[in-house]
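S.K.: Sharing a structure below in structure tokens format, with a few things to ask.
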Amino acid sequence: MWVMQGERRRARAPWGPPDTGGALLERWISRERRSDSRDASGSAKQRSAMGNSLPVESKFTDEKENDRIKYVVSSMQGWGEKMEDAHAAILNLDDTMTSFFGVYDGHGGAEVASYCAKRFHIELCNHEDYDSNLSNAMRSAFYSMDEDLQLSDAWRELVIPRNNGWMYFIKAGVCANLSPFPQATYTAPSYEGSTACVVVIRGDQLIVGHAGDSRCVLSRNGQASALSVDHKPDSESERERVQNAGGVAVGYSYRKIMGRWVTKKQWGFTDFKGRVSISRSIGDFACKKNERLPPEDQMLTCNPDILTMDITDDMEFLVIATEGLWCNMTNQNVVDHTHDRLLEGAEARVICEELVQFGLPSGDNTTVILVLFKPGAFPAVPPVDTDTDTDSHIDDDVDPTGSNNATASDNNDPANEVDPTANAGSDDSNTGDEVKVDATATAVGSSSTTAVAADEGTGNPPHGALVDTDDEDGLTYSQDMDLPPASTSPPTFPDEDDLPRSNPDKSPPHDDTYHRW
């Protein structure tokens, strides 16, 4: 029996509805094709027709401010096949002048990063140490995210809510009725994960926690200071942990071909699907299954580095961004561009979008949070006490953050400092203890050692050398050089008349043997 409907002929069985079997499938395909043809301006049609030949340069930008800080966040998919970055920016987290900012760079999918963006700050606020010990609460929040991902798939309902979030409860009821049948065992996301770089501003204190290669950079009077260190398998400490956990790391490098960065050789793990270029992340449980090791010693660990410091009025802004930005710009490049544009009077929204655009050649998604400290909202820098005799030898750059009270916590690497260019110590244990860093002196094993700045004109020890200031002769000897043992009497030097004079001006020749520092 044939029925005419419009200009299309279709077969209808006399015993059933008009759209059954193949006819229903054909109609659905035809409708999808018509909808695609009407969506001529949509990005989905563009990607289906062009693949990855064109980047997605549309940006999501948001900004808010209070009487102390202003923030702008912007994100762009770029050349990535899909958007796997996520972020959270909360100006008022509670009633105690607390702000929260976080960027999460996902890999293997966007679900873990999206879950972190929606849940991390909640886990932080719910911790018992949130009011008394914010550093400990932040560290526990990293581990809580991993635990939530391992327990069940309920976290996916928060990422992709279906039917107002009640799908999980409907599924639980249906599964209960099917209890006689064997139930599938939940498997944690093996190859899905995310980095995390979070910043909490409470009062005049700044707390930074990170795991992975997302980065936080501070601008102080136009100078860049890294508040986080990338966790890469090519670093000595991270490689040692990876190998001790049974993994094998290989190298990576990039090469620019036709304006795009292409991976030539990549650091990763031989048993990791697709390989990742980071050594710490949330998720990625395929590399966290060594039952003989604690979580902080796994091949991939979520154990974060924590930095605590005081905010002073010489701090201008923070830049918190995913790897897409840092692949193309150094810390100082980002600070210089932002600093110059602010002096030109450019809006913070425009500057943040420019930084995101700079991440386009990386071939990855890019997310940037720009946090501006308002002038006069934070205390001034306290003056340095110069009354003691040793103050002339103190290196003002000992503190990696430049403040008078900074705390750095590193749980795995004694050389993994908060600022690679500073002489800051770090804790080499996994207990979460923090290392105090003072702007006027640094303890390095004894009370008689201080950090001395370089003075090439006078022949002083090199920058950062350790010197002993307690010798009875009043001299300072570098511990990095081969010197005779200390004597109780002052050293003797020959008279100038006893030295051989071979130069016309009758001046004594240079002799390192009698070099006084």
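Cβ from N, Cα, C; glycine included.
Swiss-Prot lists Asp105, Glu323, Asp364 with the feature Mn(2+) 2 binding site. What Swiss-Prot records for Asp105, Gly106 is Mn(2+) 1 binding site, and it gives similarity to another entry as the kind of evidence. If you look up Swiss-Prot, you'll see 28-39, 499-517 marked as compositional bias 'Basic and acidic residues'. Swiss-Prot lists 402-414 with the feature compositional bias 'Polar residues'. Among the features that Swiss-Prot reports, compositional bias 'Low complexity' is placed at 438-455. Residues or ranges marked as domain 'PPM-type phosphatase' in Swiss-Prot: 70-373. Look at Swiss-Prot and you will find 1-59, 380-517 tagged as region 'Disordered'.
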S.K.: Given the binding-site residues Asp105, Asp364, which one is most crowded in terms of C-beta atoms within 10 angstroms?
M.R.: Asp105
S.K.: Report the member of Gly106, Glu323 (the binding-site residues) whose C-beta atom has the most other C-beta atoms within 10 angstroms.
M.R.: Gly106
S.K.: Could you state the CA-to-CA distance between Asp364 (Mn(2+) 2 binding site) and Gly106 (Mn(2+) 1 binding site) to the nearest Å?
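M.R.: About 11 Å separate the Cα atoms of these two residues.
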S.K.: What other residues of this chain sit with their CB within 8 A of the center of the CB atoms of Asp105, Glu323, Asp364, the recorded Mn(2+) 2 site?
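M.R.: The answer, listed by sequence position, is Asp85, Thr195, Asp213, Ser214, Thr322, Gly324, Cys327, Ser362, Asn365, Thr366.
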S.K.: Return only the integer: C-alpha distance in Å from Glu323 (Mn(2+) 2 binding site) to Gly106 (Mn(2+) 1 binding site).
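M.R.: That separation, Cα to Cα, works out to 11 Å.
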S.K.: Across the domain 'PPM-type phosphatase' (70-373), what does the pLDDT come to on average, as a whole number?
M.R.: 85
S.K.: With H, G and I counted as helix, E and B as strand and the rest as coil, say where DSSP puts Glu323 (Mn(2+) 2 binding site).
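M.R.: Helix, per DSSP.
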